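K.L.:
Straight from Swiss-Prot, here's the annotation block:
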- Glu306, Glu333, His350, His450: Mn(2+) binding site (BINDING)
Amino acid sequence: MTIFDNYEVWFVIGSQHLYGPETLRQVTQHAEHVVNALNTEAKLPCKLVLKPLGTTPDEITAICRDANYDDRCAGLVVWLHTFSPAKMWINGLTMLNKPLLQFHTQFNAALPWDSIDMDFMNLNQTAHGGREFGFIGARMRQQHAVVTGHWQDKQAHERIGSWMRQAVSKQDTRHLKVCRFGDNMREVAVTDGDKVAAQIKFGFSVNTWAVGDLVQVVNSISDGDVNALVDEYESCYTMTPATQIHGEKRQNVLEAARIELGMKRFLEQGGFHAFTTTFEDLHGLKQLPGLAVQRLMQQGYGFAGEGDWKTAALLRIMKVMSTGLQGGTSFMEDYTYHFEKGNDLVLGSHMLEVCPSIAVEEKPILDVQHLGIGGKDDPARLIFNTQTGPAIVASLIDLGDRYRLLVNCIDTVKTPHSLPKLPVANALWKAQPDLPTASEAWILAGGAHHTVFSHALNLNDMCQFAEMHDIEITVIDNDTRLPAFKDALRWNEVYYGFRR
C-alpha cells in the first residue's frame, strides 16, 4: 500500500442537453469505457472515479463543491466530449480548490472516412469543446494542466500519471506538519524564512519542539527494542569491526538505534512527516542523529539539517511525488568542487544525513567515526556512493514577496577514485551546462546550499510542481546561458512585482 491508495481522481465529462438523450447515453458509455481502460491499462498511480455527466451549471457546481469537501479526492480530470458551453463552468471553477487537468482527447483515434456524418461530428467535439473550456480557464486566470492525446496513447498515460503524482502531493502537503528540533543554525540566512507565508502558500505547518522533549522519548525506549533494531542493522548493512559485537564503538550503535526509535515515536505521535535538527541544539542527546535521520528519510520522511524547514518540507513533497518510481530522493548539499578542464565536478554530501534510497551499494557500510562539529559522542552513519545517471537538485527559497524554486539538471557520475578517509555518504556529479555557468546562475538566483537531490524525478515534474503551487521556477540546464538567465531574473522581478 502506498500514499496513492488513500486518494482518487475524479473523471468529469462535460456536455449539454442540446444533443438529446441518445447522444448523452453514448457519451456516458464512452466515458465508462475510457475510465475502465485507463484504470486497468495505463499504470496510473491513482484510481480514476467516473462522476455523473456535467450538463448544467448546477450539476457542474455540485461536482466541484463535492470535490472540495471530499478528502479522498486529489483532483479533477475533465474531458469535454461534446461542446460544453463554458459559462456553465464558471461557478464551479470559481469555488474549486483541487488541482484540475483537462484531458483533450476523443473516443475514436481515426476518423471513419467513409461513414462520418453530422451525428458523429456532434458526438465527438473535443477539438472545439476543449477550446471553449480553455478560454474560460484563461479568462478566469485559473491555472490548470492540459494533456492532449488519444486515451490509449502511452505518452498521454505517462503525463496524466505524472500530474496525478503532483495532485496527490499537493493534498498531502496541506496536511504536512514539519517538526523542528531546536532552531536554525545561528546567523544562517537562507534556512530562515516566513513560516506563516509558507503555510498560506503551500499548506504545511512548521513548529519547534525543544530537544529536551525528544530526549524524554528517546530515554523511554526499552533495551529490548534497541537490540531488535540493531539486529536489523546487522542484516541490512555491512558493519565495520568497530561497530560489531565487542567492537569499540558498539555502544555508539546502540545509542544511535535508541535515537532512531525515539525520533520515530515522537514523529508518529505528533503526526509529523518532516523534521529538522541542528548540531547547535543537541542538549541531552549523546550524538548528532545521523543513522536515524538516514533511515527515516528512506521511510519517506522529509529532513534537512540546521533547522532548514523549507528543504525538509520540499524533500517530503518530492518523496511523495516519487513514490513507486525508480531511483531515490535525498537531502543533499553542494560540498566541494573538483576543478579540471572539461571535467569539473561537484561532490555533494552532508555531515551525515544522506538518504540510502540513492545508494548504489546493496548493503551500505555502517560505521562510527569522529565528528568534530556538535561536541558530542562519535555518531553512527551509513556510508555509500550514489547511483549514476541523470538527476536534479532543487532548492526552495523565500524571497520575501514570493517563493522561488531553483532546479539544476545534473549528471551523476562514478567516483573515479576511492575515498578511504571520507566517512560520509556522497554523490558526485557534473552540473549542466557546466560548473561555472551552473554555479554562477545558482548564486545569482539566490539558491540555497541545501538541496533535494533526486534520480526519480525530472525537470518536468518540478515545473508541474511550480505551476500547481503558483510559484516562480528558475531552471539551470544545458540550454542555460548567463545573459539570458540574468534577463529572466529581471523580468520575473517585474512580473511578480505587478502581482503583489
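The backbone N, Cα and C atoms fix where each Cβ goes, glycine too.
Walk me through where these features lie, including what they touch and how far apart they are.
P.N.:
In the three-state DSSP assignment, the secondary structure recorded for His350 (Mn(2+) binding site) is coil. All protein chains shown were included, and the count of other CB atoms within 10 Å of the CB of His350 (Mn(2+) binding site) stands at 22.
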K.L.:
Sorted by position, what residues of the same chain at least six away from His450 (Mn(2+) binding site) have a C-beta under 8 A from it?
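P.N.:
Correct list: Val190, Thr191, Ala304, Gly305, Glu306, Asp308, Thr311, Phe331, Met332, Glu333, Ser395.
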K.L.:
Among all the protein chains here, how many other CB atoms are within 10 A of the CB of Glu306 (Mn(2+) binding site)?
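P.N.:
The Cβ of Glu306 (Mn(2+) binding site) has 24 Cβ neighbours within 10 Å.
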K.L.:
Look up Glu333 (Mn(2+) binding site) in the DSSP assignment and report helix, strand or coil.
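P.N.:
Looking at the DSSP assignment, Glu333 (Mn(2+) binding site) belongs to a strand.
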K.L.:
Compute the mean position of the Cβ atoms of Glu306, Glu333, His350, His450, which form the recorded Mn(2+) site, and then list in sequence order the other residues of that chain whose Cβ is within 8 Å of it.
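P.N.:
Other same-chain residues with Cβ inside the cutoff are Ala304, Gly305, Asp308, Thr311, Phe331, Met332, Met351, Glu353, His449.
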